[in-house]
Amino acid sequence: MTVGKSSKMLQHIDYRMRCILQDGRIFIGTFKAFDKHMNLILCDCDEFRKIKPKNSKQAEREEKRVLGLVLLRGENLVSMTVEGPPPKDTGIARVPLAGAAGGPGIGRAAGRGIPAGVPMPQAPAGLAGPVRGVGGPSQQVMTPQGRGTVAAAAAAATASIAGAPTQYPPGRAGPPPPMGRGAPPPGMMGPPPGMRPPMGPPMGIPPGRGTPMGMPPPGMRPPPPGMRGPPPPGMRPPRP
């Protein structure tokens, strides 16, 4: 139900009210709520009822009962009167705690982090890592070496197959000279393409002086007197 602010019922909220019912009972309690049917809610309510004596000689006595929170039906309500003003403390009753007296301490909110004046704890020697940005490995050390090595080896193999000159790092000697029958000395022409070079000592190198001409090799007997020895290397024997 819509109730205006100027309603008399709203003006008596939290007052101590005396409610009289049709059967003569009286309810005294703190008025808290109501509705359009005049159903009431009373808290801290006490019930008072009059008991008639059996004999006419005895006086009528009144009985009191403590009920607490009560819901009264509006159809049984006869009248409502103000019993007293609202109590001073309408909140929840507080129970005093032992030792709750104020002390010398100061209440403050719990802070986050470490205060500025407290020194930072340090790790034991040997367990502390390098400072960020200082003492770490260089970029060259962290670069993977596998790719560069494989690429260099592949380039060297390709250059050797194609016949391109291989570049050697500074401080190292070049390739060793060719052994055996290599290129002819300067000023002389080599054999034409497709022909094998002639047998015998390399061109430009005199024959060995260890064995004179006409002497048999070591381990062979010389020919008997009057017979010619074998022809020198590179010459055909005479026809008979």
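Just so you know, glycine gets a Cβ as well, placed from its N, Cα and C.
Feature annotation from Swiss-Prot assigns domain 'Sm' to 4-86.
Summarising the annotation, Swiss-Prot assigns omega-N-methylarginine to ARG108 (among others) and lists similarity to another entry as the type of evidence. Packing around ARG108 (omega-N-methylarginine) is summarised by its Cβ count: 6 other Cβ atoms lie within 10 angstroms of its Cβ, all protein chains included.
Look at Swiss-Prot and you will find ARG108 (among others) tagged as asymmetric dimethylarginine.
Summarising the annotation, Swiss-Prot assigns dimethylated arginine to ARG108 (among others) and lists similarity to another entry as the type of evidence. ARG108 (omega-N-methylarginine) carries neither a helix nor a strand DSSP state and counts as coil.
Taken from Swiss-Prot, the feature dimethylated arginine applies to ARG112 (among others), supported by similarity to another entry.
If you look up Swiss-Prot, you'll see ARG112 (among others) marked as asymmetric dimethylarginine.
Here Swiss-Prot flags ARG112 (among others) as omega-N-methylarginine.
Here Swiss-Prot flags ARG147 (among others) as omega-N-methylarginine, drawing on similarity to another entry.
The omega-N-methylarginine annotation in Swiss-Prot covers ARG172 (among others) and rests on similarity to another entry.
Swiss-Prot lists 172-205 (among others) with the feature compositional bias 'Pro residues'.
The region 'Repeat-rich region' feature in Swiss-Prot is assigned to 175-236.
The compositional bias 'Pro residues' feature in Swiss-Prot is assigned to 214-240 (among others).
Helix first, then strand, then coil: DSSP counts for the domain 'Sm' (4-86) stand at 7 helix, 47 strand, 29 coil.
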